[in-house]
Amino acid sequence: MNVNDILKELKLNLMANKNIDESVYNDYIKTINIHKKGFSDYIVVVKSQFGLLAIKQFRQTIKNEIKNILKEPVNISFTYEQEYKKQLEKDELIKKDHSDIITKKVKKINENTFENFVIGASNEQAFIAVQTVSKNPGISYNPLFIYGESGMGKTHLLKAAKNYIESNFSDLKVSYMSGDEFARKAVDILQKTHKEIEQFKNKICQNDVLIIDDVQFLSYKEKTNEIFFTIFNNFIENDKQLFFSSDKSPELLNGFDNRLITRFNMGLSIAIQKLDNKTATAIIKKEIKNQNIKSEVTSEAINFISNYYSDDVRKIKGSVSRLNFWSQQNPEEKIITIEIVSDLFRDIPTSKLGILNVKKIKEVVSEKYGISVNAIDGKARSKSIVTARHIAMFLTKEILNHTLAQIGEEFGGRDHTTVINAERKIETMLKKDKQLKKTVDILKNKILTK
């Protein structure tokens, strides 16, 4: 029975009820509505808060009538229209938030796919190997051993393998775990009975594919290695696929039984190299798109990030997240320039910036003006040398944020007032001389991206 039929019959019954005054019925009951919520919950909605109070003495009568009509136990509550609408809006928000959470979770899960992996010279062979084995698990290259430094994309590839196999081979059971997780489980089970240890091994061996990320965490754990060795052999003997990743090649792994090292090399061992600049740049562009950054990020700004974060994909993603946060806080800025980025990443340690130091600034400026670095530090007062010296001081303050005293010391032991005058002079000239401004911008970009 739908709510319209219930409501129609309810009103007829209440109108015929001699205990309900006709004016009460016409003013407050005639306009009520009923809404169903869930399997057996009904809400009686009165027009106004005053109307809700007016029918208070008849609520039990209304409840009984509804139960008699439905002939089943139900839960009945009362409210008024304004409150009901507020609750609907609140429920809708909760539903939307829940939907957003689910969407984000799905998106997070789907991030680790072959389609989302940025391929470049540094990782192409590893990508091809993992994808090939995932398409034919247990057929060739068993085990597949991927190695390389942290942050190069090994975890992404292994999770992509898991997602691909689960999507395309529904009959295959896949187990993915980190080496640390496997070690902790093994240590726990080793405290228990022989029967429970065997059950642990059998449970893992029930899978068709085993993926262990960062297998190096199993090193120097003799008893754990014995369990691992048994599982390893079971998978190989039954043509079930093994994937491993490590920060070192099998030959360089310490703390493993030689039998395991030999078995790691049975299939295919392949390296993921350090990211080349081209691949790092492609990852940055993809991450900017993934994070839906509204501002345009200039190529110079992207090059800056790729130069200083190309050793770690996680750091690249973190740096783009920083851009995203800045963009959200500064929506009026439509373009993220290299000046903005260099200021945003001013906290990068000098060691990380490598050759980005005063020496590099002097070299770039002196090359532009056709003079030696010694001339910039020296006492010569020719116009071109003085201009180059002042620009180099200005850029040192602008890029490295050194103190006036530091800059004076770095430029031939000059007084800090000399540095102030140099900076002010360049700042004044930049406002008037468009060609000089263009030159300084080119020099700055070259220093930051070289």
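Glycine residues also receive a Cβ, built from the backbone N, Cα and C atoms like all the rest.
These figures come from a predicted structure and were not determined experimentally.
Features of the protein shown, as given by Swiss-Prot:
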type	residues	note
REGION	1-76	region 'Domain I, interacts with DnaA modulators'
REGION	76-107	region 'Domain II'
REGION	108-327	region 'Domain III, AAA+ region'
BINDING	G151, G153, K154, T155	ATP binding site
REGION	328-450	region 'Domain IV, binds dsDNA'
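Taking the Cβ of G151 (ATP binding site) as centre and 10 Å as the limit, one finds 17 other Cβ atoms among all the protein chains shown.
Confidence over the region 'Domain I, interacts with DnaA modulators' (1-76), given as mean pLDDT on the 0 to 100 scale, stands at 89. A coil conformation is recorded for G151 (ATP binding site) in the three-state DSSP classification, outside any helix or strand. Long-range Cβ proximity for K154 (ATP binding site), meaning a same-chain Cβ under 8 A and a gap of 6 or more residues, is found for A126, I146, Y147, G148, D213, S245, I272. Highest Cβ count within 10 Å among the binding-site residues G153, T155: G153. Note: the region 'Domain IV, binds dsDNA' (328-450) comprises 88 helix, 2 strand, 33 coil (DSSP; helix = H, G, I, strand = E, B). The ATP site, placed at the center of the C-beta atoms of G151, G153, K154, T155, has further neighbours from the same chain whose C-beta lies within 8 angstroms: G148, S150, M152, H156, L157, S245, I272, V313, R314. Broken down by DSSP into helix, strand and coil, the region 'Domain I, interacts with DnaA modulators' (1-76) contains 42 helix, 13 strand, 21 coil.
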